[in-house]
Amino acid sequence: MATAGASSFEDEIMESDIELEGEAVEPDNDPPQKMGDPSVEVSDEKRDQAQLCKNKGVDAFSEGKLDEAIEHLTEAIVLNPTSAIAYATRAVIFVKSKKPNAAIRDADAALKINPDSAKGYKSRGMAKAMLGKWEEAAQDLRMAAKLDYDEEIGAELKKVEPNVLKIEEHRKKYERLRKERDIKKAEMEKQRKHAEEVSAASAALKDGDVIAIHSSSELDTKLKAASSLSRLVVLYFTAAWCGPCRFIGPVCKSLAEKHRNVVFLKVDIDELNSVAYRWNVSSVPSFFFVRNGKEIDKVVGADKNGLERKVAQHGSS
C-alpha cells in the first residue's frame, strides 16, 4: 500500500495519512537522456533513417529488449528531433523500464511538438502514477482517453481515480477541520481580548468607593469601562459650598459600599463646569443614572430615600 501525507495543522489537527492503492517507485535520478535539437532542419533522408530506427526500436520493445529499444529510439530522435511519436514511444519504453522521470521528460517533449499526442499524455500519466502524483496522473490519463482511448488507459484510470477520490475527500475533511480550528482560534482570541478589556475596565474602577473625577477624559474613560462591564453608573454632581451635598455625601459612600456592582462617580461642578454643562446640571446635588453611556434616570436634590430606591431599582436590573 502507498501512503500520501496530509497537510499538518496546529493544535488538535494532527498529521494524518491516507491509505492509497498501488505501489509508487523510487524516482530515477539518471542523467537526462539524449534529446534532439529541435532547431535543426531535418532532411527527407534523415526522416527516413529516423523512421527505420524507430521501427527497430518498436521491434526490440515487442521482444522485451528495453535497453536496445531505447538506443534505437534515441537514434531516431537525434535524426529527427521534430517527431512527437518518437519521443512518445521512447516515453512508453521508459515507463516499462520504471524510469518515470525520463518518461515525463520525453512525454513533455512530445506534447510540446504535438499538443494532441494521446501517447504523450498516456505515458506521462502512467509515469506520474508511478511517482504517486495521482491527481496529475488522472488529469493526463483522462486527456489521453479523450484523444484516443484504449484498454490500458482504462485499466490505469481504474487504479488512479480511487486514489484521487480519497485525496479529494481527505482534503475536504482537513479543510473543514482547518476552518473549525480557525473559528475556534478566532473565538479564543475574542474571549482573550474581552478578558483583557474586562480586566482593564475593572482596574479602572474602584468597587465600593465613590470615585472623584478630575477631567472630562477621565470621566469618559470611567463611563466606557463601566459600559464594557455592563454596570450601572451613578454620576453624582456636587460642589464644595453646597450644604445638602455635605449631607448626601456619606449616603453616597454607604450606597457604594452596599452596591459594589454599581459605579459611583463624583464631579465637582466648579472644577469641571464644562462637564456639568454637558450634562445640563441646573442644581446640586444631582444624580444621573447611566447605563451603556446613556442616561436612564435622574434624582435632583438631597433626597436620601429617593436615591436609595433608585440605586436599588437600577442596580439590580
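Just so you know, glycine gets a Cβ as well, placed from its N, Cα and C.
Not measured: the values here are computed from a predicted model.
The disulfide bond recorded by Swiss-Prot for C245 reaches one of C242, C252; that cysteine is C242. Under DSSP, residues within the domain 'Thioredoxin' (189-316) fall into helix, strand and coil as 63 helix, 29 strand, 36 coil. Spatially close to G243 (site 'Contributes to redox potential value') yet at least six residues away along the chain is no residue at all, judged by Cβ distances under 8 angstroms. Beyond the repeat 'TPR 2' (85-117), the same-chain residues lying 6 or more positions past its ends with a Cβ under 8 Å from any Cβ of the stretch are 25, 27-30, 32-33, 35, 38, 50, 54, 57-58, 61, 66-67, 69-70, 73-74, 76-77, 123-124, 126-128, 130-131, 147.
Within 10 Å of the C-beta of C245 (disulfide bond) there are 21 other C-beta atoms, taking all protein chains into account. Sequence-distant contacts of the repeat 'TPR 1' (50-83), counting only residues of its own chain at least 6 positions beyond either end whose CB sits under 8 Å from a CB of the stretch, comprise 33-38, 40, 42, 89-90, 92-94, 96-97, 113. Per DSSP, the secondary structure of the repeat 'TPR 1' (50-83) breaks down as 27 helix, 0 strand, 7 coil.
Sparsest Cβ environment among the recorded positions C242, P244 (other Cβ atoms counted within 10 Å): P244.
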